[in-house]
Amino acid sequence: MPRHTIRVPKPEFDLSGILYEVEQLPAQLSSESLFENDKPLEIEIGSGKGLFLATESVANPAHNYLGIEIIGKYATHSAARFVRAGAREIGNAKMVSGNAEPLFEHRIAPGSLEAVHVYFPDPWWKKKHRKRRVVNEKSIRNYSNAIRVGGRLHFWTDVLDYFEDTVEMIADLAPNLGVPIPEEEMEAEHDLDYRTHFERRSRKYSIPVYRVCYQKRS
Ligand SMILES: C[S@@+](CC[C@H](N)C(=O)[O-])C[C@H]1O[C@@H](n2cnc3c(N)ncnc32)[C@H](O)[C@@H]1O
């Protein structure tokens with residue numbers, strides 16, 4: 001399915017303090033270093049158009065939210081969405097334009113995250129391209145290390161084999177994340193009342209969505 005062109009804000013739209021390049025980030029990513037407070041920190045990998053973080057950060061001002069998006073214009077679009085949603089006033093959402101993988105590998109302290117969210121990661125359908133998937137053996141170990149005991153990993157996709165592979169890899173590599181807890185489909189009350197744009201798209205085209213959450217138990 002083709003993607004629509006993405007709207008980026010005018011250069012004069014102020015994204016300072018909201019949108020960061022990797023080089024501008026502190027050495028360690030934490031609530032203290034990014035938000036100067038100790039609220040629980042949730043990270044979304046591959047934020048796309050930023051719907052999840054814009055909705056969630058306004059609904060839950062007691063937590064901090066960091067989105068990491070590898071395509072610069074999507075990161076910019078997401079950051080502008082946060083600002084329009086009130087992120088500057090609430091002060092709990094920021095966006096990084098960059099690759100999540102090295103950040104999780106080197107710059108997040110073990111047991112420091114409240115939640116990791118991965119929604120509709122690129123499927124990389126061909127078998128020979130599977131190693132490019134953002135959820136892979138290494139990233140599962142990294143997420144599991146980074147999440148605190150009692151913290152969560154959310155993984156949603158509309159690609160059944162990606163879902164099955166991920167559930168299997170977590171059982172093998174990160175059993176401390178506990179058992180897969182199915183997440184329910186929620187009734188949409190308006191046109192943007194979906195977890196993400198890709199959930200909206202899948203449901204509009206009647207494509208099944210597979211949703212799971214893990215809660216780290218040790
Ligand atoms: C299929 S889109 C889904 C976007 C959004 N999560 C949603 O559900 O609407 C996957 C997104 O992940 C981003 N992405 C892929 N690899 C990434 C990586 N290593 N680090 C950060 N973002 C990544 C892509 O650029 C893309 O925007």
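Numbers here mean position along the shown chain, with the first residue as 1.
Each Cβ is built from the backbone N, Cα and C atoms, and glycine gets one as well.
A TrEMBL annotation is a machine prediction, not a hand-curated record.
As annotated by TrEMBL, S-adenosyl-L-methionine binding site applies to Glu44, Glu69, Asn99, Asp122. Look at TrEMBL and you will find Lys126, Asp158, Thr196, His197, Phe198, Glu199 tagged as substrate binding site.
Listed binding-site residues: Glu44, Lys126, Asp158. Those with a CB atom under 6 Å from ligand 1: none. A distance of 19 Å separates the Cα atom of Asn99 (S-adenosyl-L-methionine binding site) from that of Thr196 (substrate binding site). In sequence order, Ile45, Gly46, Ser47, Gly48, Ile68, Ile70, Ile71, Ala100, Pro121, Val134 are the same-chain residues whose CB sits within 8 A of the CB centroid of Glu44, Glu69, Asn99, Asp122, the residues recorded for S-adenosyl-L-methionine being left out. Counting every protein chain shown, the number of other Cβ atoms lying within 10 Å of the Cβ of Glu44 (S-adenosyl-L-methionine binding site) is 26.
Each residue contributes its Cα atom, and for Glu44 (S-adenosyl-L-methionine binding site) and Thr196 (substrate binding site) these two points are 11 Å apart. Summarising the substrate site geometry, the residues cited as binding it (Lys126, Asp158, Thr196, His197, Phe198, Glu199) extend over a maximum Cα to Cα distance of 25 Å.
Look at Thr196 (substrate binding site): DSSP puts it in coil.
When the neighbouring Cβ atoms lying within 10 Å are counted for each of the binding-site residues (Glu69, Asp122, Asp158, Glu199), the highest count belongs to Glu69. Of all Cβ atoms in the protein chains displayed, 24 besides its own lie within 10 Å of the Cβ of Phe198 (substrate binding site). Same-chain residues at least 6 positions away in sequence with a Cβ under 8 Å from that of Thr196 (substrate binding site) are, in sequence order, Gly48, Lys49, Leu51, Phe52, Tyr119, Phe120, Trp156.
Ranking the binding-site residues Lys126, His197 by how many other Cβ atoms lie within 10 angstroms of each Cβ puts Lys126 at the bottom.
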